[in-house]
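Q: Below: one structure in structure tokens.
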Amino acid sequence: MFDATTILGYKADGKAVIGGDGQVTFGDTVLKSNATKIRTLYEGKILAGFAGSTADAFNLFDMFEGILAEKRGDLFKSVIGFSKMWRKDKHLRQLEAMMIVLNTEHIFILSGTGDVVEPQDGKIAAIGSGGNYAISAARALDKHANLEPRELVQESLEVAGDLCIYTNKNIKILEL
């Protein structure tokens, strides 16, 4: 289901950064190498990225943007409201997508089952087929290197691109 991408979110030093590769695959075929899987939400104050079904992800983005507007951009309240809505609707629970949403204060993973996970370290999250490679690289770089947040995301996604066949190095990055 998620064999199509790598998305990495990172927040540190008062900054929030999200990045994703550009590869879209269907089975064993690369359909597109320059897709955009990250975007800003709520007047550019929230970053979001998705892995999984593109159609499902765009539905999730739209629904989440509606809740963000309702909660006036409060990310914490929005993810809780989103999860409650998701759990009540059996059709939403069938969506095959995951999202990372973050700002300079919070970072969350929203799963296709309506779960909301705040990473244990509170600053690094990754999803998609190359997510484990990207998060491993990001944790090591966060601990041992003195990189700017944007550089850390770039380098970590490049590691994932080297190792995951469903991830390429056509990386796009957004920053707050």
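Backbone N, Cα and C atoms are what each Cβ position is placed from, and that goes for glycine too.
Annotations for this protein, taken from Swiss-Prot, read as follows:
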ACT_SITE  Thr5  active site
BINDING   Gly161, Cys164, Thr167  Na(+) binding site
Q: Given the binding-site residues Gly161, Cys164, Thr167, which one's Cα is the least distant from that of Thr5 (active site)?
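A: If we rank Gly161, Cys164, Thr167 by Cα distance to Thr5 (active site), first place goes to Thr167.
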Q: State the count of C-beta atoms found within 10 angstroms of the C-beta of Cys164 (Na(+) binding site), not counting that atom itself.
A: 21
Q: If H, G and I count as helix, E and B as strand, and all else as coil, what does DSSP give for Thr167 (Na(+) binding site)?
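A: For Thr167 (Na(+) binding site) - judged by DSSP and reduced to three states - the answer is coil.
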